[in-house]
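Here is what TrEMBL records for this protein:
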- Arg80, Arg105, Asp132, Pro133, Met134, Leu135, Ala136, Thr137, Gly138, Gly139, Ser140, Asp201: 5-phospho-alpha-D-ribose 1-diphosphate binding site (BINDING)
- Ile195, Gly200, Asp201, Ala202: uracil binding site (BINDING)
- 7-209: domain 'Phosphoribosyltransferase' (DOMAIN)
Amino acid sequence: MENQVFVMDHPLIQHKLTFLRDKNTGSKEFRELVGEIAMLMCYEATRDLPLQEVHIETPMGEATTKVIAGRKLAFVPILRAGLGMVEGVLEMVPAAKVGHIGLYRDHKTLQPVEYYNKLPQDITERDVIVLDPMLATGGSAIDAISIVKRSNPKSIKFMCIIAAPEGVKALSEAHPDVQIYCAAVDDHLNEIGYIVPGLGDAGDRIFGTL
Ligand code: PRP
Ligand code: URA
């Protein structure tokens, strides 16, 4: 399958993204916005879930209607910042399981370092959406997806809020089968691997560790 990038330009997402980027937005509001944007993005990212027909009775009579066709989802946030997206996506898909992959970027080398990995046992039966608000060099997403792929899930998507063109290119080349969902593709990475204009350090802004 060809790699595809979906930029979600829905007005509600773009509106919230403006406040997320603003340096005057404090941690409480930042966390809420990350959750809300993740919820809205999840709505779009699950648009292709297959449906099946069921027969039910309404108070007025019989009806043939649709339910999601037995597909199971798992969300896999990349720690730490990906955690900020979990509550929002679970609002949309409460039955999903949540795995965790712990990675941080070494600030000198910009290379991701793995420190935690716990995925649902039945992951082979699940479609996985990997979550991280930021796709910068792409190193963290590439490694996290490689780790998830070793467990053989049914499919993998990657959902971030802001992507850099460099990260989109690197991730597309490393994992051409993984669709990328984001709210914006920004201008460029600066010399220390931060997205410009971006929003700064997502993990620090979510958890107030600036
Ligand atoms: C940030 C971000 C991504 C990564 C993106 O995490 O949340 O995981 O950097 O950069 P990359 O595309 O160049 O790999 P960070 O390493 O700051 O860790 P944190 O989530 O614990 O703050
Ligand atoms: N990680 C972040 O949190 N922000 C960036 O701009 C790049 C990587």
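Quick reminder: no glycine exception, Cβ is built from N, Cα and C everywhere.
From a predicted model like this one, the values you see are computed outputs, not experimental measurements.
Less than 6 Å separates the Cβ from ligand 2 in the case of Ile195, drawn from the binding-site residues Asp132, Gly138, Ser140, Ile195 in sequence order. Looking only at the domain 'Phosphoribosyltransferase' (7-209), the predicted model's pLDDT averages out at 96. The DSSP secondary structure for Met134 (5-phospho-alpha-D-ribose 1-diphosphate binding site) is strand.
In this structure, the C-alpha atom of Asp201 (uracil binding site) lies 15 angstrom from that of Gly138 (5-phospho-alpha-D-ribose 1-diphosphate binding site). Ile195 (uracil binding site) carries a strand DSSP state (E or B).
Using the Cβ center of Ile195, Gly200, Asp201, Ala202 for uracil, the list of other same-chain residues with Cβ within 8 Å runs, in sequence order, Pro133, Met134, Ile162, Tyr194, Gly198, Leu199, Gly203, Asp204, Arg205. Put simply, Ala202 is the one of the binding-site residues Ile195, Gly200, Ala202 whose Cα lies nearest to the Cα of Arg80 (5-phospho-alpha-D-ribose 1-diphosphate binding site).
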